[in-house]
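The domain 'TLC' annotation in TrEMBL covers 69-296. Look at TrEMBL and you will find 78-97, 117-140, 161-187, 193-214, 226-249, 261-284 tagged as transmembrane segment.
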Amino acid sequence: MAAVPKQTTMAIKSYKNQAQMLVKNYLLADPFAPYTSILGGILACKVVYDLTDLISSFYIKTYPSLTKIQRVDWNNRGISTTHAIFVSALSLYFVFWSDLFSDPHLTGLMVFRSSQLSTFGLGVSLGYFFSDLAMTLWQYPALGGIEYVRIFSTRNALWHTLYLFVYLVTVVIHHLLSGTAVAYSMFTGEAQLYTYMVLISEVTTPEIHLRWYLDTAGMKRSTAYLINGVVIFIGWLIARVLLFGYMFYHVYLHYDQVIKMHAFGFVLVFGVPSALGILNLMWFGKIIKGLAKTLAKRRSWTKELDSEN
């Protein structure tokens, strides 16, 4: 094997050092880190979308038979699931395991603490919110809108259009509220603990998408579909109902710190979780009805099988 010329080796090392300096002094430097993480989140969405399409084409039998818009929805849910796993794991770490917000010996008030990792994680999440909202608006009402109307099924054209509009407004409000809170917390370093507490709710997203995947794959009568429904109910109750209550209790205990935040951040701490909490309770009611409906159908299918036997 021929030896690499010394001049070539030196050139490679030079380019490597320049790349490291670029990353250290610009991309990951404090002034640029938020923007870099946002851009990284957007690019990661594109990569995950393409990988989901590629992997599904080879390993999911029903994928090639899906319509074009179903494939778009399928791949978009792959992005959402990946983001949910990433941000919920990071949120659980910061809220329950990291000393960043819990160590009393660290300097500064808890509501003003942040780190490069916590800021980076919020930037990636913000990049996802931008991408997901853009995709939803671009493909509206195909992405999720039709499914929303199916939940509140009606043959009346006026109500059909109204439900689609309500779905769009709900998605836009959710993304704008979440994106505003994440962006403010990322750029100012305020209330990052409470931002991550709210982001823990993303832990329920993979189960929601799995429900759609199982339905699309024709596995609605499977045991996996039923188990997933129960997991959604438990996860939603813990992460999107009880945890929000705990967050407000934590704010109450540390109100002497929260009151020292800027006025806009103070409003966000109370306003965004309250609005999202109301939406979560509304959807929790639908989840309960859906689970009850699934269990009832399961019983009827079991009776039919028993009668046939």
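Even glycines carry a Cβ here, placed using N, Cα and C.
In TrEMBL, annotation is done automatically, which means it is predicted and not curated.
The transmembrane segment (78-97) is not in contact with the transmembrane segment (261-284), judged by fewer than 3 CB-CB distances under 8 Å for residue pairs 6 or more apart in sequence. Below 8 angstroms of C-beta separation, residues 73-74, 77, 80-81, 83-85, 87-88, 90-92, 94-95, 101, 110-111, 113, 118, 121-122, 125, 147, 178, 181-182, 185, 220, 222, 224-225, 228-229, 231-232, 235-236, 239-240, 243-244, 246-247, 250-251, 269, 272-273, 276, 280 of the same chain, each at least six residues beyond the ends of the transmembrane segment (193-214), sit close to that stretch. Under 8 Å from some Cβ of the transmembrane segment (117-140) lie the Cβ atoms of residues 33-46, 69, 72-73, 76, 79-80, 83, 86-87, 90, 94, 100, 168, 171-172, 175-176, 178-179, 182-183, 185-186, 189, 192, 195-196, 199, all in the same chain and six or more residues away from its ends. For the domain 'TLC' (69-296), the model gives a mean pLDDT of 88.
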